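Look at Swiss-Prot and you will find Arg190, Gly191, Gly192, Lys193, Thr313, Ser527 tagged as CoA binding site, backed by sequence analysis. Residues or ranges marked as ATP binding site by Swiss-Prot: Gly389, Glu390, Pro391, Asp413, Thr414, Trp415, Trp416, Gln417, Thr418, Asp504, Arg519, Arg530. Under the heading Mg(2+) binding site, Swiss-Prot lists Val541, Val546, citing sequence analysis as support. The annotation N6-acetyllysine is assigned in Swiss-Prot to Lys613.
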Amino acid sequence: MAKERIVLPSAEFKKNSNITLKDYKSLYKESIENPNKFWAKEANRLTWFKKWTKVLNHDFKNAKVEWFKGGKLNVSYNCLDRHISTPLKNKAALIWEGDNPSESKVLTYYDVYREVNRFANVLKKYGVKKGDRVLVYLPMIPELAITILACTRIGAIHSVVFGGFSPEALQSRIDDCKPKLIVTADGGFRGGKPIELKRNVDIALEKSKEDVKTVIVVRRTGNESGLVWKDGRDYWYHFLIGDPDLSPYCKPESMDAEDPLFILYTSGSTGKPKGVLHTTGGYLLGVNLTFHYVFDIKPEDTYWCTADIGWVTGHSYLVYGPLSNGASSVMFEGVPSYPDAGRFWDVIDKYGVNIFYTAPTAIRALMREGLTHVQKRNLSSLRLLGSVGEPINPEAWEWYFKIIGKEKCPIVDTWWQTETGSIMITALPGAIPQKPGSATLPFFGVQPVLVDNDGKEINDKGEVSGNLCIKSPWPSMMRGVYGDSKRFFDTYFSQFKGYYFTGDGARRDKDGYYWITGRVDDVINVSGHRIGSAEVESALVENRSVAEAAVVGFPHDIKGQGIYAYVTVKEGIATNDTLKKELVAIVEKVIGKIARPDVIHWAPSLPKTRSGKIMRRILRKIASGEFEGLGDTSTLADPSVVQKLIEDKRKFHS
């Protein structure tokens with residue numbers, strides 16, 4: 001194995017950093033040995049209407065966790081109200097850059113405060129109360145941030161659905177969370193192309209068993225030619241928020257620390273997406289504290305997280321983390337390749353971005369474009385880079401460090417999940433030396449362990465590998481799967497008793513650094529977004545020609561993992577490119593373009609045990625081009641199937 005490179009923070013960065021290595025070690029020790037004391041102190045970063053009576057109450061074996069019992073606060077108050085009586089009132093809160101470079105808008109903290117108050121009153125006018133769900137299906141426009149903050153102001157639970165999801169995927173989320181109201185747009189733009197949103201909502205509601213009485217529509221494209229309007233249900237956002245009789249102030253609801261804040265759907269290893277439920281106090285503290293330390297935020301910084309708010313990264317590190325810290329956050333509607341592959345670098349120069357947080361997928365795609373676009377831009381404003389969504393391979397790390405950061409910007413390679421709410425394992429810039437490809441060390445209060453398949457902790461010195469689990473609760477952890485407490489326990493706490501199981505594998509090196517090795521369950525990480533194998537398989541078998549399908553992940557140069565589908569057709573059906581196109585189309589229709597298979601491998605049959613279980617381990621290896629060391633195949637009902645799949649892989653998919 002090649003010698004690991006260690007990258008130390010520069011003397012200048014260390015001098016001005018929010019934390020030193022010595023302080024990290026002592027604070028981390030306190031956070032593990034005395035979590036009550038540590039978190040009681042850190043909770044003072046937030047404004048509470050009423051102080052808690054108990055910091056932590058938990059029974060991890062039975063998945064019961066409660067933080068800051070009795071404490072009362074409001075998220076929108078912490079993100080807005082407490083800033084507008086300070087000089088932050090006129091500071092940029094959201095810097096919006098449209099899909100088209102000619103469109104941009106800056107909203108100060110007071111601008112956002114004003115809009116959030118008004119829209120909170122609109123929601124109340126249409127019957128939304130504390131505890132009601134509001135489903136949000138919007139493009140990356142300021143109204144998306146305004147809508148979710150307005151929900152938090154009145155105690156409504158928001159559930160944002162990524163605008164790239166299909167009407168069917170949208171319908172499943174409507175059926176599950178039963179929203180009182182939906183906020184959408186007439187459409188959106190992505191890479192210069194219009195995208196359907198209102199039409200998708202119409203289709204989803206037609207098929208849904210839920211009777212949603214109110215749909216509020218933001219005008220984004222202005223194209224009303226194909227817009228279907230249902231009087232008495234559909235209302236224009238700008239008419240409602242511009243109502244002269246609307247009160248300009250909405251008193252923030254006093255929320256219990258454990259009151260639900262939002263539901264965000266994520267893929268699981270079974271077919272049905274699960275609604276990850278986050279609560280108010282612990283979540284906000286987690287994103288507030290991590291944002292301060294991980295991104296080394298300073299009052300004058302302009303910070304840009306490129307994630308869509310439809311994913312957890314956008315919730316935590318575009319909206320709630322930055323705004324609760326009084327930071328200026330860039331919000332980008334577009335894609336890195338439009339109008340050309342220099343768009344990211346243009347935005348950085350346009351706004352003097354200091355901190356840039358993006359996904360390895362984007363970095364790898366931009367690496368492929370060569371240096372032409374980068375060399376035309378300045379990028380001298382950058383001082384810190386971040387990576388999120390999947391492990392970053394050392395080659396991409398080095399390119400990011402040398403070409404984008406000019407070897408002066410530390411990189412925070414952050415490991416966390418929708419379920420964890422906030423960053424769990426990361427370097428702290430200026431404090432923790434980095435190793436390209438390693439997520440490095442745990443954040444305060446996070447106690448990662450590696451366990452073997454029997455659930456025993458692996459405490460050996462030196463390099464070890466195992467299942468990555470968390471040993472004790474942290475404030476921003478999910479509190480449940482919405483409406484399904486059994487699934488919450490079964491998914492995260494049943495496999496290794498007394499531990500939260502992340503679903504990831506990892507290795508820990510001799511220095512205690514963690515290296516994430518990928519999913520160990522049936523979830524595929526495509527461009528940092530989780531796609532459940534079962535979801536894609538269910539979509540494929542909807543085609544009448546398909547008898548059976550098995551879907552696995554395989555290494556992909558750009559996306560990290562691609563989707564590899566083994567498909568068995570029914571007797572007498574011809575396999576051809578037309579059928580392949582039909583299968584790709586049905587996956588796009590049922591889930592969305594993000595889940596389209598990269599490879600469709602026609603399989604005469606699948607490797608199964610005598611009990612009928614598909615041996616996915618073997619399918620993963622074949623998809624990855626690993627034909628040796630397939631393990632024991634003697635338990636297969638027909639071992640010859642494996643050789644046929646290998647031959648076809650070599651012949652047609654090499």
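Cβ from N, Cα, C; glycine included.
Owing to the predicted nature of the structure, the values given are computational and were not obtained by experimental measurement.
This view paints the features noted in Swiss-Prot onto the structure.
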residue	record	Cβ contacts under 8 Å, 6 or more apart
Gly191	CoA binding site	Asp99, Gly334, Val335, Ser337, Tyr338
Lys193	CoA binding site	none
Thr313	CoA binding site	Cys305, Ala307, Tyr357, Val388, Gly389, Gly528
Thr414	ATP binding site	Val294, Gly386, Ser387, Val388, Ile423, Ile425, Thr426, Ala439
Trp416	ATP binding site	Val388, Ser422, Ile423, Met424, Ile425
Thr418	ATP binding site	Leu264, Thr266, Val276, Trp311, Val312, Met478, Arg530
Arg519	ATP binding site	Gly503, Asp504, Gly505, Asn525, Gly553
Ser527	CoA binding site	Ala359, Thr361, Gly389, Glu390, Ile558, Lys559, Gly560, Ile594
Val541	Mg(2+) binding site	Ala547, Glu548, Ala549
Val546	Mg(2+) binding site	Leu540, Val567, Thr568, Val569, Lys570, Leu583
**Prompt:** Using Cα coordinates, what distance in whole Å links Arg190 (CoA binding site) and Pro391 (ATP binding site)?
**Reply:** 26
**Fill in**
In three-state DSSP terms, Thr313 (CoA binding site) is classed as helix
**Prompt:** What's the longest C-alpha separation between any two of Gly389, Glu390, Pro391, Asp413, Thr414, Trp415, Trp416, Gln417, Thr418, Asp504, Arg519, Arg530, the listed ATP-binding residues, in angstrom?
**Reply:** 18
**Complete:** Out of Gly192, Gly389, Pro391, the listed binding-site residues, fewest other Cβ atoms within 10 Å surround the Cβ of Gly192
**Request:** Round to a whole number and give the Cα-to-Cα distance in Å for the pair Gly192 (CoA binding site) and Pro391 (ATP binding site).
**Result:** 30
